[in-house]
Amino acid sequence: MSVAELKERHAASTAAVNALREKLKQKRLLLLDTDGEGRSARIVAGYAKAQSRTAVSFGPTDLVCCRTLQGHTGKVYSLDWTPEKNRIVSASQDGRLIVWNALTSQKTHAIKLPCAWVMTCAFSPTGQSVACGGLDSICSIFNLNSQADKDGNLPVSRMLSGHKGYVSSCQYLPDEDTRLITSSGDQTCMLWDVTTGQRISVFGGEFPSGHTADVLSISINGSNTNMFVSGSCDATARLWDTRIASRAVRTFHGHEGDVNTVKFFPDGQRFGSGSDDGTCRLFDMRTGHQLQVYSQQHGDNEVTIVTSIAFSISGRLLFAGYSNGDCHVWDTLVGKVVLNLGSLQNSHEGRISCLGLSADGSALCTGSWDRNLKIWAFGGHRRVI
(Lines of atoms letter the chains of each structure in order from A and count residues from 1; the text may use other names and numbers.)
(Lines give C-alpha, C1' and ligand atoms only; values in the text may rest on other atoms or scores of the structure.)
Protein backbone atom coordinates (compact mmCIF):
# COMPACT_ATOMS: atom_id res chain seq x y z
CA MET A 1 0.00 0.00 0.00
CA SER A 2 1.41 3.38 -1.01
CA VAL A 3 1.94 6.34 1.28
CA ALA A 4 -0.77 8.25 -0.55
CA GLU A 5 -3.28 5.45 0.05
CA LEU A 6 -2.36 5.32 3.75
CA LYS A 7 -2.87 9.07 4.07
CA GLU A 8 -6.22 8.78 2.33
CA ARG A 9 -7.36 6.00 4.66
CA HIS A 10 -6.14 7.94 7.68
CA ALA A 11 -8.08 11.03 6.57
CA ALA A 12 -11.22 8.94 6.02
CA SER A 13 -10.88 7.30 9.44
CA THR A 14 -10.36 10.67 11.12
CA ALA A 15 -13.47 12.05 9.43
CA ALA A 16 -15.49 9.01 10.54
CA VAL A 17 -14.32 9.38 14.15
CA ASN A 18 -15.17 13.09 14.16
CA ALA A 19 -18.60 12.34 12.72
CA LEU A 20 -19.24 9.78 15.46
CA ARG A 21 -18.13 12.28 18.09
CA GLU A 22 -20.54 14.86 16.72
CA LYS A 23 -23.38 12.32 16.71
CA LEU A 24 -22.60 11.44 20.32
CA LYS A 25 -22.60 15.12 21.25
CA GLN A 26 -25.99 15.62 19.58
CA LYS A 27 -27.40 12.55 21.34
CA ARG A 28 -26.29 13.96 24.68
CA LEU A 29 -27.87 17.31 23.86
CA LEU A 30 -31.15 15.56 23.10
CA LEU A 31 -31.01 13.93 26.53
CA LEU A 32 -30.63 17.32 28.16
CA ASP A 33 -33.67 19.41 29.00
CA THR A 34 -34.56 21.39 25.89
CA ASP A 35 -36.66 23.81 27.91
CA GLY A 36 -33.96 24.48 30.47
CA GLU A 37 -34.67 28.13 31.16
CA GLY A 38 -38.38 27.64 31.67
CA ARG A 39 -37.97 24.57 33.81
CA SER A 40 -35.20 26.19 35.85
CA ALA A 41 -37.43 29.21 36.46
CA ARG A 42 -40.31 27.02 37.65
CA ILE A 43 -38.05 25.01 39.95
CA VAL A 44 -36.30 27.98 41.54
CA ALA A 45 -39.49 30.02 41.80
CA GLY A 46 -41.24 27.08 43.42
CA TYR A 47 -38.47 26.59 45.92
CA ALA A 48 -38.33 30.30 46.75
CA LYS A 49 -42.12 30.34 47.24
CA ALA A 50 -41.92 27.32 49.52
CA GLN A 51 -39.36 29.22 51.58
CA SER A 52 -41.79 32.18 51.81
CA ARG A 53 -39.54 34.38 49.69
CA THR A 54 -40.67 36.32 46.66
CA ALA A 55 -38.58 37.38 43.68
CA VAL A 56 -36.84 40.72 44.23
CA SER A 57 -34.58 43.01 42.24
CA PHE A 58 -30.88 43.16 43.05
CA GLY A 59 -28.55 46.14 42.84
CA PRO A 60 -25.00 47.28 43.65
CA THR A 61 -25.95 48.63 47.08
CA ASP A 62 -27.40 45.30 48.16
CA LEU A 63 -24.00 43.62 48.52
CA VAL A 64 -21.03 45.62 49.79
CA CYS A 65 -17.50 44.78 50.90
CA CYS A 66 -17.43 45.31 54.64
CA ARG A 67 -14.11 43.66 55.55
CA THR A 68 -10.79 42.68 54.00
CA LEU A 69 -8.93 39.88 55.78
CA GLN A 70 -5.19 40.41 55.38
CA GLY A 71 -2.55 38.07 56.75
CA HIS A 72 -1.61 35.51 54.11
CA THR A 73 1.66 36.04 52.25
CA GLY A 74 0.74 33.79 49.33
CA LYS A 75 -2.21 33.12 47.05
CA VAL A 76 -5.41 32.09 48.84
CA TYR A 77 -6.62 28.76 47.48
CA SER A 78 -9.53 27.69 49.67
CA LEU A 79 -11.91 28.85 52.42
CA ASP A 80 -14.75 27.54 54.54
CA TRP A 81 -17.24 28.97 57.07
CA THR A 82 -18.21 27.43 60.38
CA PRO A 83 -21.91 26.58 60.83
CA GLU A 84 -22.26 29.29 63.48
CA LYS A 85 -21.30 31.83 60.74
CA ASN A 86 -18.70 33.99 62.49
CA ARG A 87 -15.49 32.06 61.73
CA ILE A 88 -13.67 31.36 58.48
CA VAL A 89 -10.71 29.10 57.75
CA SER A 90 -8.50 29.84 54.74
CA ALA A 91 -5.65 27.95 53.08
CA SER A 92 -2.84 29.65 51.20
CA GLN A 93 0.23 29.09 49.09
CA ASP A 94 2.20 30.41 52.07
CA GLY A 95 1.73 26.98 53.70
CA ARG A 96 -0.60 28.14 56.45
CA LEU A 97 -4.18 27.79 57.54
CA ILE A 98 -5.62 30.89 59.19
CA VAL A 99 -8.80 30.83 61.26
CA TRP A 100 -10.49 34.24 61.27
CA ASN A 101 -13.17 35.86 63.35
CA ALA A 102 -15.35 37.22 60.55
CA LEU A 103 -16.94 39.82 62.81
CA THR A 104 -13.69 41.39 64.03
CA SER A 105 -11.21 40.37 61.27
CA GLN A 106 -8.95 38.98 64.00
CA LYS A 107 -6.92 35.80 63.52
CA THR A 108 -7.62 33.16 66.16
CA HIS A 109 -5.25 30.51 64.75
CA ALA A 110 -2.36 30.52 62.27
CA ILE A 111 -1.43 26.91 61.56
CA LYS A 112 1.86 26.07 59.87
CA LEU A 113 1.32 23.02 57.68
CA PRO A 114 3.62 19.99 57.28
CA CYS A 115 3.27 20.41 53.51
CA ALA A 116 3.14 23.96 52.17
CA TRP A 117 1.36 22.90 48.96
CA VAL A 118 -2.17 23.06 50.36
CA MET A 119 -5.17 23.13 48.01
CA THR A 120 -8.26 22.75 50.20
CA CYS A 121 -9.55 23.28 53.74
CA ALA A 122 -12.77 22.65 55.67
CA PHE A 123 -14.27 23.18 59.11
CA SER A 124 -15.81 20.28 61.00
CA PRO A 125 -19.55 20.73 61.77
CA THR A 126 -18.83 21.65 65.40
CA GLY A 127 -16.07 24.05 64.40
CA GLN A 128 -13.64 22.29 66.74
CA SER A 129 -11.41 20.92 63.97
CA VAL A 130 -10.17 21.88 60.53
CA ALA A 131 -9.08 19.60 57.69
CA CYS A 132 -6.78 20.37 54.78
CA GLY A 133 -5.08 18.59 51.91
CA GLY A 134 -2.84 19.21 48.93
CA LEU A 135 0.09 17.91 46.94
CA ASP A 136 1.26 15.60 49.74
CA SER A 137 -1.77 13.37 48.94
CA ILE A 138 -2.75 13.44 52.63
CA CYS A 139 -5.72 14.99 54.39
CA SER A 140 -4.50 16.44 57.69
CA ILE A 141 -6.81 17.11 60.64
CA PHE A 142 -6.09 19.76 63.29
CA ASN A 143 -7.95 20.02 66.60
CA LEU A 144 -8.20 23.73 67.33
CA ASN A 145 -8.37 23.00 71.07
CA SER A 146 -5.03 21.17 71.07
CA GLN A 147 -2.05 22.55 72.93
CA ALA A 148 0.51 24.22 70.67
CA ASP A 149 4.09 22.92 70.74
CA LYS A 150 7.11 24.88 71.99
CA ASP A 151 7.39 26.68 68.65
CA GLY A 152 3.76 27.72 68.81
CA ASN A 153 2.63 25.30 66.11
CA LEU A 154 -0.55 23.25 66.37
CA PRO A 155 0.16 19.51 66.02
CA VAL A 156 -1.60 17.33 63.46
CA SER A 157 -4.21 15.27 65.29
CA ARG A 158 -4.90 12.84 62.45
CA MET A 159 -3.47 12.12 58.98
CA LEU A 160 -5.74 10.44 56.44
CA SER A 161 -3.43 8.65 54.04
CA GLY A 162 -4.57 6.55 51.09
CA HIS A 163 -4.85 8.72 47.99
CA LYS A 164 -2.28 8.22 45.25
CA GLY A 165 -2.61 11.77 43.97
CA TYR A 166 -3.04 15.28 45.34
CA VAL A 167 -6.05 15.98 47.60
CA SER A 168 -8.11 18.57 45.75
CA SER A 169 -11.12 18.94 48.03
CA CYS A 170 -12.39 17.84 51.43
CA GLN A 171 -15.71 18.20 53.20
CA TYR A 172 -17.15 16.88 56.45
CA LEU A 173 -20.55 15.23 56.43
CA PRO A 174 -23.07 17.65 57.99
CA ASP A 175 -23.51 17.08 61.75
CA GLU A 176 -20.73 14.47 61.77
CA ASP A 177 -17.24 15.39 62.97
CA THR A 178 -16.23 11.77 62.47
CA ARG A 179 -16.95 11.42 58.73
CA LEU A 180 -15.20 13.24 55.90
CA ILE A 181 -15.05 12.91 52.10
CA THR A 182 -12.01 13.78 49.99
CA SER A 183 -11.42 14.02 46.25
CA SER A 184 -8.11 13.54 44.50
CA GLY A 185 -6.00 13.72 41.39
CA ASP A 186 -5.95 9.90 41.48
CA GLN A 187 -9.47 10.01 39.94
CA THR A 188 -11.19 8.85 43.14
CA CYS A 189 -13.13 10.15 46.11
CA MET A 190 -12.85 8.56 49.56
CA LEU A 191 -15.01 8.42 52.69
CA TRP A 192 -13.03 8.44 55.93
CA ASP A 193 -13.54 7.69 59.61
CA VAL A 194 -11.73 10.65 61.15
CA THR A 195 -11.64 9.07 64.62
CA THR A 196 -9.67 6.02 63.50
CA GLY A 197 -8.06 7.49 60.41
CA GLN A 198 -9.34 4.54 58.40
CA ARG A 199 -10.72 4.70 54.88
CA ILE A 200 -14.33 3.48 54.74
CA SER A 201 -15.08 3.56 50.99
CA VAL A 202 -13.48 4.41 47.65
CA PHE A 203 -15.57 5.95 44.87
CA GLY A 204 -14.22 5.45 41.35
CA GLY A 205 -10.78 4.14 40.55
CA GLU A 206 -10.99 0.67 39.04
CA PHE A 207 -14.78 0.86 38.74
CA PRO A 208 -15.92 1.57 35.15
CA SER A 209 -18.46 4.23 36.16
CA GLY A 210 -15.85 6.35 37.92
CA HIS A 211 -14.11 9.50 36.73
CA THR A 212 -11.47 9.12 34.04
CA ALA A 213 -9.37 12.13 35.10
CA ASP A 214 -8.50 14.16 38.21
CA VAL A 215 -11.41 14.84 40.57
CA LEU A 216 -11.36 18.53 41.49
CA SER A 217 -14.38 19.21 43.68
CA ILE A 218 -17.10 17.61 45.80
CA SER A 219 -20.34 18.74 47.39
CA ILE A 220 -22.37 16.78 49.94
CA ASN A 221 -26.16 16.93 49.81
CA GLY A 222 -27.40 18.71 52.93
CA SER A 223 -30.86 17.13 52.56
CA ASN A 224 -29.55 13.57 52.14
CA THR A 225 -26.00 13.18 53.43
CA ASN A 226 -25.66 9.77 51.77
CA MET A 227 -25.42 11.55 48.43
CA PHE A 228 -22.58 13.68 47.09
CA VAL A 229 -21.55 15.01 43.70
CA SER A 230 -18.05 15.33 42.23
CA GLY A 231 -16.59 17.39 39.38
CA SER A 232 -13.61 16.30 37.30
CA CYS A 233 -11.10 17.12 34.58
CA ASP A 234 -12.99 14.59 32.43
CA ALA A 235 -15.60 17.36 31.89
CA THR A 236 -18.30 15.49 33.82
CA ALA A 237 -19.95 15.63 37.21
CA ARG A 238 -20.97 12.37 38.89
CA LEU A 239 -23.47 11.60 41.62
CA TRP A 240 -22.48 9.07 44.30
CA ASP A 241 -24.27 7.24 47.10
CA THR A 242 -21.98 6.51 50.07
CA ARG A 243 -23.89 3.25 50.61
CA ILE A 244 -22.99 2.04 47.08
CA ALA A 245 -19.34 2.83 46.48
CA SER A 246 -18.90 0.49 43.52
CA ARG A 247 -20.55 2.71 40.93
CA ALA A 248 -21.69 6.24 40.27
CA VAL A 249 -25.44 6.75 40.49
CA ARG A 250 -25.44 9.09 37.49
CA THR A 251 -23.04 10.93 35.18
CA PHE A 252 -23.80 14.49 34.07
CA HIS A 253 -22.57 15.72 30.69
CA GLY A 254 -22.66 19.19 29.18
CA HIS A 255 -19.43 20.97 30.07
CA GLU A 256 -16.65 21.22 27.51
CA GLY A 257 -13.80 21.65 29.97
CA ASP A 258 -12.61 20.71 33.45
CA VAL A 259 -15.38 20.87 36.06
CA ASN A 260 -13.62 22.89 38.78
CA THR A 261 -16.44 23.29 41.24
CA VAL A 262 -19.78 21.72 42.17
CA LYS A 263 -22.38 22.80 44.72
CA PHE A 264 -25.79 21.46 45.68
CA PHE A 265 -28.82 23.70 45.24
CA PRO A 266 -30.46 24.47 48.61
CA ASP A 267 -33.33 22.00 48.13
CA GLY A 268 -30.92 19.09 47.56
CA GLN A 269 -32.66 18.07 44.31
CA ARG A 270 -30.32 19.92 41.97
CA PHE A 271 -26.71 21.05 41.86
CA GLY A 272 -24.63 23.67 40.12
CA SER A 273 -21.24 23.36 38.48
CA GLY A 274 -18.52 25.65 37.14
CA SER A 275 -15.96 24.85 34.48
CA ASP A 276 -12.90 25.83 32.47
CA ASP A 277 -15.34 26.33 29.58
CA GLY A 278 -16.44 29.56 31.28
CA THR A 279 -19.96 28.40 32.10
CA CYS A 280 -21.93 27.50 35.19
CA ARG A 281 -24.67 24.92 34.78
CA LEU A 282 -27.64 23.70 36.79
CA PHE A 283 -28.46 19.98 36.72
CA ASP A 284 -31.40 17.96 37.99
CA MET A 285 -30.01 15.27 40.28
CA ARG A 286 -32.81 12.76 39.67
CA THR A 287 -33.17 12.96 35.88
CA GLY A 288 -29.67 14.00 34.87
CA HIS A 289 -31.11 16.82 32.75
CA GLN A 290 -29.32 20.13 32.35
CA LEU A 291 -31.74 22.84 33.47
CA GLN A 292 -29.83 26.05 32.83
CA VAL A 293 -26.55 27.42 31.48
CA TYR A 294 -25.07 30.59 32.97
CA SER A 295 -22.69 32.02 30.40
CA GLN A 296 -21.55 35.49 29.40
CA GLN A 297 -19.83 36.39 26.16
CA HIS A 298 -16.45 38.14 26.24
CA GLY A 299 -14.60 39.98 23.53
CA ASP A 300 -12.14 38.17 21.22
CA ASN A 301 -13.72 34.83 22.21
CA GLU A 302 -11.97 35.08 25.57
CA VAL A 303 -12.99 32.39 28.03
CA THR A 304 -12.73 33.15 31.75
CA ILE A 305 -12.54 30.05 33.92
CA VAL A 306 -15.16 29.50 36.62
CA THR A 307 -13.23 28.59 39.78
CA SER A 308 -15.87 28.46 42.52
CA ILE A 309 -19.64 28.77 43.02
CA ALA A 310 -22.20 29.10 45.82
CA PHE A 311 -25.98 29.51 46.00
CA SER A 312 -27.89 31.93 48.18
CA ILE A 313 -30.13 30.34 50.82
CA SER A 314 -33.24 30.54 48.62
CA GLY A 315 -31.40 29.52 45.47
CA ARG A 316 -32.40 32.76 43.78
CA LEU A 317 -28.78 33.89 43.41
CA LEU A 318 -25.72 32.04 42.16
CA PHE A 319 -22.32 33.48 43.07
CA ALA A 320 -19.51 32.54 40.69
CA GLY A 321 -15.82 33.42 40.94
CA TYR A 322 -13.71 33.72 37.79
CA SER A 323 -10.06 33.58 36.82
CA ASN A 324 -10.04 37.23 35.70
CA GLY A 325 -11.07 38.55 39.13
CA ASP A 326 -14.76 38.89 38.39
CA CYS A 327 -17.36 37.55 40.79
CA HIS A 328 -20.73 37.42 39.08
CA VAL A 329 -24.01 37.33 40.92
CA TRP A 330 -26.39 35.43 38.65
CA ASP A 331 -30.18 35.55 38.82
CA THR A 332 -30.93 31.84 38.57
CA LEU A 333 -34.48 32.53 37.39
CA VAL A 334 -33.54 34.23 34.13
CA GLY A 335 -29.86 33.31 33.77
CA LYS A 336 -28.66 36.91 33.83
CA VAL A 337 -25.85 38.63 35.75
CA VAL A 338 -27.37 41.16 38.16
CA LEU A 339 -24.08 42.29 39.73
CA ASN A 340 -20.34 41.88 39.24
CA LEU A 341 -18.46 42.26 42.51
CA GLY A 342 -15.27 42.62 40.48
CA SER A 343 -16.48 46.01 39.23
CA LEU A 344 -17.19 47.40 42.69
CA GLN A 345 -14.96 49.46 44.93
CA ASN A 346 -12.59 47.41 47.12
CA SER A 347 -12.82 44.40 44.79
CA HIS A 348 -10.04 41.83 44.44
CA GLU A 349 -7.00 42.51 42.26
CA GLY A 350 -6.46 38.93 41.12
CA ARG A 351 -8.08 35.61 40.31
CA ILE A 352 -11.02 34.64 42.54
CA SER A 353 -9.95 31.19 43.68
CA CYS A 354 -12.66 30.37 46.21
CA LEU A 355 -15.85 31.68 47.75
CA GLY A 356 -18.46 30.63 50.26
CA LEU A 357 -21.66 31.80 51.90
CA SER A 358 -22.12 32.02 55.67
CA ALA A 359 -24.49 29.48 57.22
CA ASP A 360 -27.29 32.01 57.65
CA GLY A 361 -26.76 33.44 54.18
CA SER A 362 -26.07 36.95 55.42
CA ALA A 363 -22.50 37.26 54.10
CA LEU A 364 -20.31 36.06 51.25
CA CYS A 365 -16.57 35.52 51.59
CA THR A 366 -14.25 35.51 48.57
CA GLY A 367 -10.59 34.47 48.43
CA SER A 368 -8.11 35.52 45.78
CA TRP A 369 -4.63 35.18 44.38
CA ASP A 370 -4.12 38.77 45.60
CA ARG A 371 -3.53 37.09 49.03
CA ASN A 372 -6.66 38.59 50.60
CA LEU A 373 -10.11 37.47 51.61
CA LYS A 374 -13.09 39.81 51.47
CA ILE A 375 -16.40 39.64 53.27
CA TRP A 376 -19.41 40.97 51.40
CA ALA A 377 -22.52 41.73 53.43
CA PHE A 378 -26.10 42.17 52.28
CA GLY A 379 -27.08 45.77 53.00
CA GLY A 380 -30.23 47.66 53.83
CA HIS A 381 -33.42 45.58 53.88
CA ARG A 382 -31.64 42.79 51.99
CA ARG A 383 -30.58 40.60 54.90
CA VAL A 384 -30.93 37.16 53.34
CA ILE A 385 -31.91 36.08 49.83
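Including glycine, each Cβ sits where the backbone N, Cα and C put it.
The repeat 'WD' annotation in TrEMBL covers 69-110, 160-202, 208-250, 252-293, 345-376.
With DSSP states grouped into helix (H, G, I), strand (E, B) and coil, the repeat 'WD' (345-376) comes out at 0 helix, 16 strand, 16 coil. Residues 165, 168-171, 173-176, 181-189, 191, 201-202, 256-264, 266-269, 271, 273, 275, 283, 285, 288 of the same chain sit 6 or more residues outside the repeat 'WD' (208-250) yet have a Cβ under 8 Å from a Cβ within it. Long-range contacts of the repeat 'WD' (69-110) within its own chain (CB-CB distance under 8 A, at least 6 residues past either end) are made by residues 116-123, 125-127, 130, 132, 134, 142, 144, 154, 350-351, 353-360, 362-363, 365, 367-369, 371-375. Mapped onto DSSP classes, the repeat 'WD' (208-250) shows 0 helix, 19 strand, 24 coil.
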